[in-house]
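Novice: Taken from TrEMBL, the feature repeat 'WD' applies to 52-85, 95-136, 137-179, 179-220, 221-255, 282-312, 313-347.
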Amino acid sequence: MIEPKKRGADMALVPAAVKRPRSELVAAAQNQQIATMGPPRSSSLQAPIMLLSGHEGEVYCCKFHPNGAMLASAGYDRLILLWSVYGDCENFATLKGHSGAVMELHYNTDGSLLYSASTDKTVCVWDSETGERVKRLKGHTSFVNSCFPARRGPQLACTGSDDGTVKLWDIRKKASVHTFQNTYQVLSVTFNDTSDQIISGGIDNDIKVWDLRQNKLIYSMQGHGDSVTGLSLSSEGSYLLSNSMDNSVRVWDIRPFAPKERCVKIFQGNVHNFEKNLLRCSWSSDGSKIAAGSADRFVYVWDTTSRRILYKLPGHAGSVNEVAFHPEEPIVLSGSSDKRLYMGEIQ
């Protein structure tokens, strides 16, 4: 199922047929030792790059569990696959229940629940220990492109759909708690850190902030020149990352009382194409790096401060739809339209 990368060169044996003087033997032994060590490793992965294959269709989304020991991936084949991060990276569970492609996945903060948004117009909530579906959120009238669980407080979730609405859910209740009407399709949603605001992006290019106490739109952030396909909140909650079809990734200051011009950084390199996939973006846990999906089959990782591309990683044979950072180790995970996932260690 999972093919660890073959290591041919470092297995080569040093021929021992020629009798050498003693001093030379020591050198040969040292060379052999260096050969078997390979480049220094930065993670506990079994190999520097691990390939995870098992999906029968394009992979649209992938996320590490908050404990870092497992990950979830999903996409066009309607299945959610759970994988071990370490060892052979085996696919140890398959969650079935969606009747349409799975567009986005998120674990809640403690990792006990997994949320999945689908083109079957529903969001499913799964128990990540047992793999059972504990809730199905119904109410959207078209594809659900995005979902996001609250970081703390009651079990709230927000969703964005092609029906032009952003919905707020309390997963203890059957129907949605509130619906915000947006004119155009909503492609990505997230909460702010305190979960009293929902932030949405879609095909009208603007990023909108909806206040849950006043139940209204409080401000919009303009700057992108095309559809916003991915949003991600930094771990401390002050900054928002956005990926757009205008081929730019931006960082926005979403703190209260921030200056009117909230766009603080623009990153370039990754691209969108005619496929118009919903390419997502993400922060590393310490906020020092960002990553984004790209249609040119490369995984892009930037330095947040200098805006420099740190890594442009090849390997995929299709659009890279999501890149996620491991919560504790320098590992990036990428899911692609080539039906495959790669985990690779970075420095």
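Including glycine, each Cβ sits where the backbone N, Cα and C put it.
I'm curious about the neighbourhood of these features; can you describe it?
Specialist: Nonlocal intrachain contacts for the repeat 'WD' (52-85), taken as residues 6+ away from its ends with a CB within less than 8 angstroms of a stretch CB, comprise 1-3, 45, 91-96, 98-107, 109-111, 114, 116, 118, 126, 128, 131, 277-278, 280, 318, 321-322, 324-329, 331, 333-343.
Taking H, G and I as helix, E and B as strand and the rest as coil, DSSP gives the repeat 'WD' (95-136) the counts 0 helix, 23 strand, 19 coil.
Cβ atoms under 8 Å from those of the repeat 'WD' (137-179) belong to residues 100, 103-104, 106-109, 113, 115-119, 121-125, 185-191, 193-195, 198, 200, 202, 210, 212, 215, 231, 237, 278 of the same chain, restricted to positions at least 6 beyond its ends.
For the repeat 'WD' (221-255), the DSSP counts in helix, strand and coil order read 0 helix, 19 strand, 16 coil.
Taken together, the residues in the repeat 'WD' (282-312) have a mean pLDDT of 98 on the 0 to 100 scale.
If one looks beyond the repeat 'WD' (313-347) by at least 6 residues along the same chain, the residues whose Cβ comes under 8 Å of a Cβ in the stretch are 41-45, 48-53, 55-64, 66-68, 71, 73, 75, 83, 85, 89, 230, 273, 275, 277-285, 289, 291-295, 297-301.
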Novice: Report the DSSP secondary-structure composition of the repeat 'WD' (179-220) as helix, strand and coil residue counts.
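Specialist: The counts are 0 helix, 25 strand, 17 coil.
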